[in-house]
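Report on one structure; see the data block that follows.
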Amino acid sequence: MRAANTPVNNQGKAQPSELFGTVVVAGVGLIGGSVALGLRERLLTRHIIGLDASAAALEEALALGVIDEARTSVGEWLRAADLVVLAVPVKALSPLAQALAPYLSPSALITDVGSVKTSIAAAFEALSVRNFVPGHPMTGSERGGVSNASAALLENAVWVLTPTERTPLTALSRMRRLVEQLGAAPLVMPPDAHDSLVATVSHLPYLASLALTHMVARDERLSLLAAGGFRDLTRVASGDPRMSRDMVVENKLALREALSSFLRQLTHLAETLDDPEELLAAASEGKRTRDNLPVVKRSLLPPKYDLVVAVPDKPNQIGAITRILGEASINIKDIEVLAIREHGGAIRLGLEEAGDVDRAAELLRGEGYMTRNRG
Ligand SMILES: NC(=O)c1ccc[n+]([C@@H]2O[C@H](COP(=O)([O-])OP(=O)(O)OC[C@H]3O[C@@H](n4cnc5c(N)ncnc54)[C@H](O)[C@@H]3O)[C@@H](O)[C@H]2O)c1
Ligand SMILES: O=C(O)C(=O)C[C@]1(C(=O)O)C=C[C@@H](O)C=C1
């Protein structure tokens, strides 16, 4: 079923890649289609089956050479899948997971690309699907559908992986490698941390774009005067309304908090109109932050402070370690599985601040873990 070849990953390290004999992409649209094309172009699979509720989407995907075979309903045929990628709208993810689960091979790697992670992570846990690694590539477009799919969309994107306490280290490790083989940069964090962060960087900007477009809709002269600045700030308002609505509603708790912060920011900025020096400071900070965004600089991930932890071969090790550090308010920005041996393995934790490394090491040693700082 699987063979290994040894391409070089985007950090220049030789890494064995996994060949997935049969891949199922459920939801053959913009993101599902892009994953399928990436797998094909990088020779990571022999056969791709598209599963979609829309016969038209499947026909288009076949015609474009994105998939080899089309299916409109689940069934025994799914047992042949070595990798299953769920790429349907957020609201359809959990019902689809439920429909697929009885047919999945226990060795298959399962992932999804949905924009909200706590709900789908919980759904797969409840279904006791073992090798499920929730994911979210931080890239996309306001133009959906397979005709806009491209392997290049995923290249250099940060791809968040949100394992739960039950995700096996081996599954996380396979998923990390797959993301790297697709040219993206994996970043591991708990599902709730992901949802809280995307509320600010993705879901709030979507609501802000709606608010701005609604203001323009009131007066035709405004739309005539709207130039590049307005266009750039409101691009995401052109996305599919139903899909976008469902995405923000699914994350409404975190989004409400982000909205409150945004309203406080706007109120503060309104006050600085009477204090030009303060407004200049805010504008300079805004420029600095925006100019240094990795997506603007086209750089990969920001620097992190690393701690390597030896983990015994027991269940729930990621959960135990993240809980110990979470209780001490130490933020884990990334987790990488460095090695898996019969009697245990090692993971690298990417921490937010230099001082966190010593604090985390002390806490973990206190709980019986062996640690090593990595410069
Ligand atoms: N568009 C983006 O920028 C972006 C970025 C990252 C992640 N995502 C996530 O990726 C997922 C897919 O988004 P997209 O932009 O590729 O959407 P899309 O509309 O391009 O594709 C979705 C596909 O899913 C199919 N589908 C819908 N309901 C289904 C069901 N119940 N069963 C089977 N097929 C079904 C549709 O027919 C369509 O072909 C979403 O969960 C979204 O949150 C989107
Ligand atoms: O349109 C784009 O460029 C996007 O990257 C879309 C975007 C975003 O808000 O950044 C939208 C939703 C997804 O979950 C991820 C990415």
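Glycine is no exception: its Cβ is also placed from the backbone N, Cα and C atoms.
Between the listed ranges 20-39, 320-339, TrEMBL ties the annotation transmembrane segment to 20-39. With DSSP states grouped into helix (H, G, I), strand (E, B) and coil, the domain 'ACT' (306-375) comes out at 24 helix, 30 strand, 16 coil.
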